[in-house]
């Protein structure tokens with residue numbers, strides 16, 4: 001009988017566990033069971049002739065105990081759902097003693113509110129659907145801008161950059177590579193001669209093949225000069241859109257992913273917020289959209305390759321970054337504006353590693369190999385290579401063109417550089433001033449390379465070239481604007497201010513191209529994105545009231561000049577008065593921002609040292 005009692009006891013406990021795993025055995029039920037299994041004195045019940053009745057009584061008592069345990073479990077579960085009344089309270093109300101119940105397990109805490117917007121953990125990749133919507137919006141903006149006019153439309157005899165790009169397709173399609181950069185009867189260098197590196201020539205040939213397959217007259221040798229038609233405009237516009245989609249868009253998405261994965265903007269929920277705003281800042285760049293898809297150029301390729309190289313550096317893929325940046329230089333030589341930043345940052349990293357010479361040699365082999373691959377058709381002779389190089393550095397054009405907001409053009413009102421100095425001396429002065437301007441940024445990265453410092457260095461290096469280098473165009477402001485957009489979360493005021501005045505510096509060019517409507521629309525969209533609720537326009541450093549007054553004055557002057565430029569004819573004695581005023585205002589803002597960003601980059605060293613001292617303590 002004792003073995004049977006033990007089995008019944010285990011059965012009762014199993015029933016309790018199945019009903020409520022967290023509930024302890026009920027002492028009252030245990031006592032009831034023991035009374036049924038024992039005599040009054042606690043002795044085991046002996047089998048009698050009435051054993052069937054005893055067994056029925058025991059079974060009934062066990063079933064009653066199991067039912068009581070099941071009811072207790074249900075009451076405890078209901079009390080948990082109702083958030084208050086427990087089983088102990090119920091027992092106390094009945095006046096019966098009750099054992100203390102276990103505290104119900106607390107549920108896992110709800111995810112933070114930011115996780116609803118950023119459902120990533122590791123790696124912190126942005127949601128595909130949101131990134132796709134932003135990319136589609138950026139593509140739609142480019143399509144709408146491309147419907148408008150282009151540079152030199154209907155303006156014979158040389159037209160504009162649109163005709164230059166079409167002419168290069170014509171040349172590279174019909175002439176051998178040995179004649180692309182050489183003056184021949186079929187290639188008049190005075191008429192939009194090719195003056196970009198070989199990779200740009202290969203891109204022109206590829207697009208020429210596409211146009212030739214659909215509209216041969218648009219790229220026919222000699223007879224297609226000045227060719228314009230709705231069909232050719234559509235095809236030419238699609239070549240820029242496809243280049244943007246294949247190069248710049250993937251590079252922007254890769255950068256944003258790496259930016260948050262590597263914690264460049266910080267760690268935690270705060271560091272991961274704002275990725276949509278950063279992606280929109282990269283893809284919806286008003287200046288890049290207007291120049292490439294309005295004015296007509298292919299800056300998206302060289303800037304996309306540079307952006308991919310930046311993402312490669314931040315993610316630790318430095319050999320890939322070296323190859324991509326070499327390709328960028330071989331597409332447009334203006335990408336050299338970023339060279340000091342890449343050089344300083346990668347050299348600083350290599351020096352701090354175990355085998356610095358080996359690391360430097362690996363990067364050197366990748367760079368030399370990439371250049372050799374791109375320049376291979378022109379390396380058969382020294383003369384052929386020098387012919388290409390001579391076309392890439394047209395010093396005879398002068399130290400500046402048009403009214404670009406850099407040092408040489410802005411100060412030419414007081415100092416006539418072109419009249420007073422020879423080209424050779426001007427080249428030396430320009431080179432010296434440029435090196436002195438980017439040298440502090442380069443030294444900082446060699447001493448203390450960091451991801452955030454690298455982004456600041458890219459901005460400081462490119463703006464130094466824009467302000468002081470030889471033969472700068474107004475469209476060259478696109479290069480400093482790229483790292484400024486990458487720093488949008490860190491420096492929202494800097495980003496917004498530089499973007500606005502960079503766009504304003506190209507205002508005369510935009511008006512000549514009859515793109516004023518597109519200018520207003522793109523600027524309005526930029527303002528909406530910049531001040532959007534999810535943006536970072538209210539973050540960043542606080543600006544003193546005195547500085548705000550000065551900045552507000554520059555902003556009011558820019559708005560006034562926009563109206564005057566359209567409504568009032570300048571004096572005949574000073575036909576470019578308004579262009580010069582626009583140049584002065586933009587140059588002053590660029591200088592202020594350059595001083596600020598150099599200061600911020602060097603302050604990164606002080607911040608890292610202070611953090612190190614705190615860790616030591």
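Here the Cβ of each residue, glycine as well, is placed from N, Cα and C on the backbone.
Unlike curated records, TrEMBL annotations are generated automatically.
These figures come from a predicted structure and were not determined experimentally.
What TrEMBL records for 1-14 is compositional bias 'Basic residues'.
Feature annotation from TrEMBL assigns region 'Disordered' to 1-55 (among others).
As annotated by TrEMBL, region 'Disordered' applies to 91-122 (among others).
TrEMBL lists 238-260 (among others) with the feature transmembrane segment. Beyond its flanks by at least six residues, the transmembrane segment (238-260) meets 123-126, 131, 135, 138-139, 142-143, 146, 203, 207, 210-211, 271-272, 275, 278-279, 282-283, 292-293, 296-298, 300-301, 303-305, 307-308, 310-311, 314-315, 486 of its own chain at Cβ-Cβ distances under 8 Å.
Per TrEMBL, the feature transmembrane segment maps to 272-291 (among others). Same-chain residues lying 6+ beyond the ends of the transmembrane segment (272-291) with a Cβ under 8 Å from its Cβ atoms: 114, 117-118, 120, 124, 126, 130-131, 134-135, 137-138, 141-142, 145, 248-249, 252-253, 255-256, 259-260, 265, 297, 299-300, 303, 307, 475, 477-478, 481-482, 485-486, 488-489, 495, 499, 502-503, 506, 510, 515, 518-519, 522-523, 525-526, 529, 532, 534-536.
The transmembrane segment feature in TrEMBL is assigned to 303-328 (among others).
Distant neighbours of the transmembrane segment (363-382): 177-178, 181, 197-199, 202, 318-319, 322-323, 326-327, 330, 346, 350, 388; these residues of the same chain sit at least 6 beyond its ends, with a Cβ under 8 Å from one of its Cβ atoms. Feature annotation from TrEMBL assigns transmembrane segment to 363-382 (among others).
Sequence annotations record features per position, and here TrEMBL assigns transmembrane segment to 421-442 (among others). Beyond its flanks by at least six residues, the transmembrane segment (421-442) meets 340-341, 343-344, 395-396, 398-399, 407-408, 456-457, 460-461, 464-465, 467-470, 594, 598, 601-602 of its own chain at Cβ-Cβ distances under 8 Å.
For 454-472 (among others), the entry in TrEMBL reads transmembrane segment.
Taken from TrEMBL, the feature transmembrane segment applies to 516-533 (among others).
What TrEMBL lists as transmembrane segment is 545-564 (among others).
The transmembrane segment annotation in TrEMBL covers 576-596 (among others). Counting residues 6+ beyond its ends, the transmembrane segment (576-596) has Cβ neighbours under 8 Å at 402-407, 409-410, 413, 437, 460, 463-464, 466-467, 494, 497-498, 501-502, 504-505, 507-508, 554, 557-558, 561, 564-565, 570 in the same chain.
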Take the C-beta pairs under 8 A between the transmembrane segment (303-328) and each of 454-472, 516-533, 545-564. Which stretch has the highest count?
454-472
